[in-house]
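Annotated active site, proton donor per TrEMBL: 66, in sequence order. According to TrEMBL, the substrate binding site annotation covers 53, 54, 55, 56, 57, 58, 59. Sequence annotations record features per position, and here TrEMBL assigns Zn(2+) binding site to 64, 97, 100. Annotation comment: TrEMBL describes 12-146 as domain 'CMP/dCMP-type deaminase'.
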Ligand SMILES: O=c1ccn([C@H]2C[C@H](O)[C@@H](CO)O2)c(=O)[nH]1
Ligand SMILES: [Zn+2]
């Protein structure tokens with residue numbers, strides 16, 4: 001599943017996905033860091049699943065926006081994705097943390113687009129500053145489900 005090539009997405013879907021990531025930030029529960037993050041996943045049939053970061057008084061219990069989106073989708077039976085967008089209130093594109101990169105790697109193709117949307121995008125609607133990455137660029141030489149299928153001599 002993760003080795004298949006991802007189809008390019010339309011300009012309209014790309015814009016819908018970016019808007020959804022910005023909207024998703026409204027669901028953030030971040031009383032401790034006051035750092036809101038929104039994420040949105042696009043499926044092959046055009047469905048969008050949003051996620052926000054959910055913090056905990058026991059800080060280690062915090063769940064990032066990206067993992068919220070992936071877990072929401074997968075637990076509803078949706079396991080195929082064509083793009084992910086992430087938005088914060090910071091005026092530069094911020095990339096998912098290491099734990100989220102590994103969780104994304106489990107379900108998304110290595111060439112899947114990850115759109116890092118800076119805060120400025122909201123006000124001017126300008127795509128300047130948006131950074132487009134892929135799973136592989138964010139997590140090179142990654143360990144994935146296929147590794148468990150490789151031959152083990154002896
Ligand atoms: O990739 C990331 C990195 C951080 N956060 C959240 C976790 C925490 O609530 C806040 C500050 O780390 O931002 C995310 O949602 N995604
Ligand atoms: Zn994370």
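Easy rule for this one: first residue shown is 1, then count along the chain.
Every residue gets a Cβ built from N, Cα and C, even glycine.
For residue 64 (Zn(2+) binding site) paired with residue 53 (substrate binding site), the C-alpha to C-alpha distance reads 4 Å. Checking the binding-site residues 53, 54, 64 against ligand 1, the ones with a C-beta less than 6 Å from an atom of that molecule are 53, 64.
Burial estimate for the binding-site residues (53, 56, 58): highest at 53, by number of other CB atoms within 10 Å. Here residue 97 (Zn(2+) binding site) is compared against the binding-site residues 53, 54, 55, 56, 58, and the shortest C-alpha distance is to 53. A straight line from the CA of residue 53 (substrate binding site) to the CA of residue 66 (active site, proton donor) spans 8 Å. Cβ proximity to the Zn(2+) site centre (mean Cβ of 64, 97, 100, cutoff 8 Å) flags the following additional same-chain residues: 65, 66, 67, 96, 98, 99, 101, 103. In terms of local Cβ density within 10 Å, 100 ranks first among the binding-site residues 57, 97, 100. Residue 66 (active site, proton donor) and residue 58 (substrate binding site) are 20 Å apart (CA-CA, integer value). Checking the binding-site residues 54, 55, 56, 57, 58 for a CB within less than 6 Å of any atom of ligand 2 leaves no residue at all.
DSSP assigns residue 54 (substrate binding site) to a strand in the three-state reduction. Each of the recorded positions 55, 66 was scored by the number of other CB atoms within 10 A of its CB, and the lowest score belongs to 55.
Other Cβ atoms within 10 Å of the Cβ of residue 59 (substrate binding site), summed over all protein chains shown, number 9. It is 64 that, of the binding-site residues 54, 64, has its Cβ surrounded by the most other Cβ atoms within 10 Å.
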